[in-house]
Amino acid sequence: MARFEEQKLYIGGRYVEASSGATFETINPANGEVLAKVQRASREDVERAVQSAVEGQKVWAAMTAMQRSRILRRAVDLLRERNDELAALETLDTGKPLAETRAVDIVTGADVLEYYAGLVPAIEGEQIPLRETSFVYTRREPLGVVAGIGAWNYPVQIALWKSAPALAAGNAMIFKPSEVTPLTALKLAEIYTEAGVPDGVFNVLTGSGREVGQWLTEHPLIEKISFTGGTSTGKKVMASASSSSLKEVTMELGGKSPLIIFPDADLDRAADIAVMANFFSSGQVCTNGTRVFIHRSQQARFEAKVLERVQRIRLGDPQDENTNFGPLVSFPHMESVLGYIESGKAQKARLLCGGERVTEGAFGNGAYVAPTVFTDCSDDMTIVREEIFGPVMSILVYDDEDEAIRRANDTEYGLAAGVVTQDLARAHRAIHRLEAGICWINTWGESPAEMPVGGYKQSGVGRENGLTTLAHYTRIKSVQVELGDYASVF
């Protein structure tokens, strides 16, 4: 028996039954418990959501900037009031430790919404003088109805990162959460409605990407798609979105990010950064620094410091506030990660720790994989080339700066990169040469609301967060005004 009642769709400011009659289950990865049956949206439901969004967006866009700003600020207050309640639900659905979801997931999502709520009155056009009797002015107008397609690793945070700039700019959004972790997006929809967002401005459709996601990307009344997920799926979404009606797209895709530790680095700090960059959220973070480059002279000392920190990781029940490392998000994903680990062993990477499923006692009922560190890795190994999205660190040895940067850039991905060094000139020189959209110097992982994030190469298109993202949820209308006579050539 499921823990929660059957979950419906959220359309037009309320829960509605899916017309398909079909459902799927969402599972607690810590113990295999069925959390809820979730209704699967049909094409008819997509059409209902689009029509609701079209009508709601007209009401929303007609409000003054300050009215929209106040409503979004009210939603921020509600999110913060219910932080612990939402965090508990996120922990059940994702398997992330409660200590993590309380401190990060809802907090960082609310921060982004607060940031954009404050920017609503600052959306403005330009006035461009041409001559004494003529000038041009521009208007930044909302796109209309947009769609967000989320990933399973940060369900409510991603829903907020996508909806906050969209709604701030006067758009309506239809959001499709991952079918692996769909629960908190529905709660966000409730909060938006309670805060005063007009009916239809934020709708949630649950279901598969192959069906619901595809129908959204193809719909002619949807003006933009914002997608977070794997690169192969992102390519399909982008192709469908552009071929159907030349939609704008934002793609936050995969990564295989390099972390370069230079010989002068503080190795304690470097080990702290490397462990956080690989094992936070059980390694299920798109920006993880999974390729760790260490200078040959420092390899043994660095490995010892990494192992010392891995031994301090508190793997356990996500509900236990002492736990800081939980299960992977699902059993199928666990099998995928274990497959990569076996590949690393087969290709002769040297295993320093982990490398297996954790099955002791109650852990055997969950999707637990031990924190895993491989060393003596080579650039052609599968664990070094492909995104694993799990707790697997690959340590690679280099001899000089040019070699490290060349090898760091030798990937189809370009999401993130980082360096650890006490030499400020070297830090900036290296960062400027690294082919990645998000870079860190002597730190890793923080993505504040003010910071545009997104990738180079096959890690994405466009950005999320920051001022630039708000602009991309608007379109510019240019208007020329002539105050003098009009001279016709005829």
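Yeah, the Cβs are placed from backbone N, Cα and C, and that goes for glycine too.
Counting every protein chain shown, 26 other Cβ atoms lie within 10 Å of the Cβ of Lys162 (active site, charge relay system). Taken from Swiss-Prot, the feature active site, charge relay system applies to Lys162 (among others).
Taken from Swiss-Prot, the feature active site, proton acceptor covers Glu252, and the record attributes it to sequence analysis. Counting Cβ atoms from all protein chains shown, Glu252 (active site, proton acceptor) has 27 others lying within 10 Å of its own Cβ.
Taking a C-beta cut-off of under 8 angstroms and a sequence separation of 6 or more, Cys286 (active site, nucleophile) has the following same-chain neighbours: Ala151, Asn153, Thr228, Glu252, Leu253, Gly254, Gly255, Phe389, Leu415. Swiss-Prot lists Cys286 with the feature active site, nucleophile.
Summarising the annotation, Swiss-Prot assigns active site, charge relay system to Glu464 (among others) and lists sequence analysis as the type of evidence. Annotation note: Glu464 (active site, charge relay system) sits in a strand segment as assigned by DSSP. Around the Cβ of Glu464 (active site, charge relay system), 24 further Cβ atoms fall within 10 Å across all displayed protein chains.
Spatially close to Thr26 (K(+) 1 binding site) yet at least six residues away along the chain are Gln7, Val34, Leu35, Ala36, Val38, Asp93, Glu179, Val180, Thr181, Pro182, Leu183, judged by Cβ distances under 8 angstroms. Sequence annotations record features per position, and here Swiss-Prot assigns K(+) 1 binding site to Thr26, Ile27, Asp93, Val180 based on sequence analysis.
Marked as K(+) 2 binding site by Swiss-Prot: Leu246, Lys457, Gly460. Here the Cβ of Lys457 (K(+) 2 binding site) has 17 other Cβ atoms within 10 Å, regardless of which shown protein chain they belong to.
Secondary structure at Glu248 (site 'Seems to be a necessary countercharge to the potassium cations'), as computed by DSSP, is strand. Residues annotated as site 'Seems to be a necessary countercharge to the potassium cations' in Swiss-Prot, with sequence analysis given as evidence: Glu248.
In terms of Cα spacing, the recorded positions Ile27, Lys162, Leu246, Glu248, Lys457 that come within 10 Å of Glu464 (active site, charge relay system) are Lys162. The Cβ neighbour count for Glu248 (site 'Seems to be a necessary countercharge to the potassium cations'), using a 10 Å radius over every protein chain in view, is 17. Non-local neighbourhood of Ile27 (K(+) 1 binding site): Glu33, Val34, Leu35, Ser330, Phe331, each in the same chain, at least six residues away, with C-beta under 8 Å from its C-beta. Considering only the binding-site residues Val180, Leu246, the Cβ with the fewest other Cβ atoms within 10 Å is that of Leu246. Sequence-ordered, the extra residues of this chain that approach the K(+) 1 site, with Cβ no more than 8 Å from the Cβ center of Thr26, Ile27, Asp93, Val180, are Glu25, Asn28, Pro29, Leu35, Thr94, Trp152, Glu179, Thr181, Pro182, Leu183, Val329, Ser330.
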